[in-house]
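Colleague: The structure follows.
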Amino acid sequence: MRECISVHVGQAGVQIGNACWELYCLEHGIQPDGQMPSDKTIGTGDDSFNTFFSETGSGKHVPRAVYVDLEPTVVDEVRTGTYRQLFHPEQLITGKEDAANNYARGHYTIGKEIVDVVLDRIRKLSDQCTGLQGFLIFHSFGGGTGSGFTSLLMERLSVDYGKKSKLEFAVYPAPQVSTAVVEPYNSILTTHTTLEHSDCAFMVDNEAIYDICRRNLDIERPTYTNLNRLIGQIVSSITASLRFDGALNVELTEFQTNLVPYPRIHFPLVTYSPVISAEKAYHEQLTVAEITNTCFEPQNQMVKCDPRHGKYMACCLLYRGDVVPKDVNAAIAGIKTKRSIQFVDWCPTGFKVGINYQPPTVVPGGDLAKVQRAVCMLSNTTAIAEAWARLDHKFDLMYAKRAFVHWYVGEGMEEGEFSEAREDLAALEKDYEEVGLDSTEAEGGDGEEF
């Protein structure tokens with residue numbers, strides 16, 4: 001078996017986790033108490049969904065997941081909510097005081113008290129696996145727990161499970177909407193620390209998802225539940241090939257191999273289609289060509305940036321539902337001719353395609369329509385550097401005045417860590433810039449210096 005362990009850190013991680021596990025349970029027909037009427041092989045773990053659920057002797061299916069937050073309120077909602085019987089109480093780990101939007105508290109003072117408990121729990125989960133494939137880590141960049149504790153945990157996971165893949169699903173601070181003033185600090189510190197420990201990071205920004213909810217689903221004032229359900233669909237599409245017997249794309253490492261040309265350039269852009277409300281879906285026939293085309297429109301992306309200004313290095317199209325390879329090939333051929341998609345010249349325009357015949361499931365009473373087919377596109381494009389540049393600029397404005405820095409130093413950080421992290425991100429921006437250069441330009445440029 002190729003099991004995956006999900007780790008949900010901080011408020012964002014936990015709430016996205018709730019949306020994901022709710023959806024997984026619906027997709028696999030698992031009831032909120034963990035029973036699965038359709039599963040006839042009790043206790044034996046050779047079904048595909050066993051990558052995400054472990055089975056107990058009594059036929060209960062338990063998510064291979066850990067929820068961690070440094071303060072209890074958000075996880076308490078899980079402890080008392082609909083799915084309280086799904087999880088083992090030890091999988092829900094909470095501290096007493098929160099990280100107060102402070103990376104240093106999450107990483108140093110408060111985080112280090114709880115990290116061993118979490119690792120111990122993860123060790124127990126990994127002992128139940130026959131062939132652990134890796135970790136999916138859900139968190140936000142802006143919060144104290146999401147940034148500080150995640151980076152601490154990733155460092156420790158690298159030590160304990162050196163070769164296992166670690167994929168992140170991270171909520172990136174939105175360009176306009178902000179939940180904390182110090183988001184740029186936390187984001188840059190956490191990115192710097194986790195850059196070498198993460199194999200692939202899928203970013204979503206709240207503002208982009210707000211806009212999608214407003215525009216496509218006609219929700220005037222989207223709530224976090226609306227956002228998280230949409231994120232849940234995306235995570236479900238990415239992990240569908242791990243949970244169902246799919247035709248293509250089955251390993252976590254396959255994502256990395258196909259999307260990450262250089263270790264540091266591991267931030268693919270995610271697009272999902274169709275996002276459509278039930279009223280509209282009734283009137284529209286969404287063909288493979290149509291949903292594939294919508295994936296290349298900037299307004300359907302999960303991070304605000306413009307891929308028309310960047311170049312593609314790699315592109316993965318993960319289809320699910322009623323899709324046949326013939327249609328996919330036709331759709332891709334159409335895109336290559338019609339769209340001005342620019343690939344870097346050192347990468348032939350290959351699209352990696354995954355097809356899963358399980359149609360997308362929706363949460364009953366949710367906003368999304370039940371559709372026959374959907375696609376999730378993961379593309380590694382140099383345009384995402386815009387997002388980093390935006391963040392770095394905000395960091396610089398605050399750091400020039402050393403605003404708020406004393407809160408971090410007071411928790412045991414050194415000011416040098418800020419400048420070190422900032423330099424690392426400057427290097428990351430530069431990396432993206434260089435990757436986008438044509439190979440001829442790059443080689444020619446080097447020659448002139450001497």
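A Cβ is built for glycine as well, from the same backbone N, Cα and C atoms used for every other residue.
Straight out of Swiss-Prot:
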| type | residues | note |
| --- | --- | --- |
| BINDING | Q11, E71, S140, G144, T145, T179, N206, N228 | GTP binding site |
| MOD_RES | K40 | N6-acetyllysine |
| BINDING | E71 | Mg(2+) binding site |
| ACT_SITE | E254 | active site |
Colleague: State which of the following binding-site residues has the fewest other Cβ atoms within 10 Å around its Cβ: T145, T179, N228.
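Modeller: Among the binding-site residues T145, T179, N228, the sparsest Cβ neighbourhood within 10 Å belongs to T179.
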Colleague: Of Q11, S140, N206, which of the binding-site residues has the most Cβ neighbours inside 10 Å?
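Modeller: It comes out as S140.
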Colleague: To the nearest Å, how far is the Cα of E71 (GTP binding site) from the Cα of E254 (active site)?
Modeller: 36
Colleague: Cα-Cα, whole number of Å: G144 (GTP binding site) versus the residue listed as 'active site'?
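Modeller: Pair distance, Cα basis, whole Å: 31 Å.
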Colleague: Return only the integer: C-alpha distance in Å from N206 (GTP binding site) to the residue listed as 'active site'.
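Modeller: For N206 (GTP binding site) versus the residue listed as 'active site', the Cα atoms are 27 Å apart.
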Colleague: Could you give the Cα-Cα distance between N228 (GTP binding site) and the residue listed as 'active site', in whole Å?
Modeller: 26
Colleague: What whole-number Å value do you get for the CA-CA distance of Q11 (GTP binding site) and the residue listed as 'active site'?
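Modeller: About 29 Å separates the two Cα atoms.
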Colleague: Quick one: pull the CA-CA distance for E254 (active site) versus T179 (GTP binding site), whole Å only.
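Modeller: Each residue's Cα considered, E254 (active site) and T179 (GTP binding site) end up 35 Å apart.
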Colleague: Give the helix, strand or coil assignment DSSP yields for T179 (GTP binding site).
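Modeller: Looking at the DSSP assignment, T179 (GTP binding site) belongs to neither helix nor strand, so coil.
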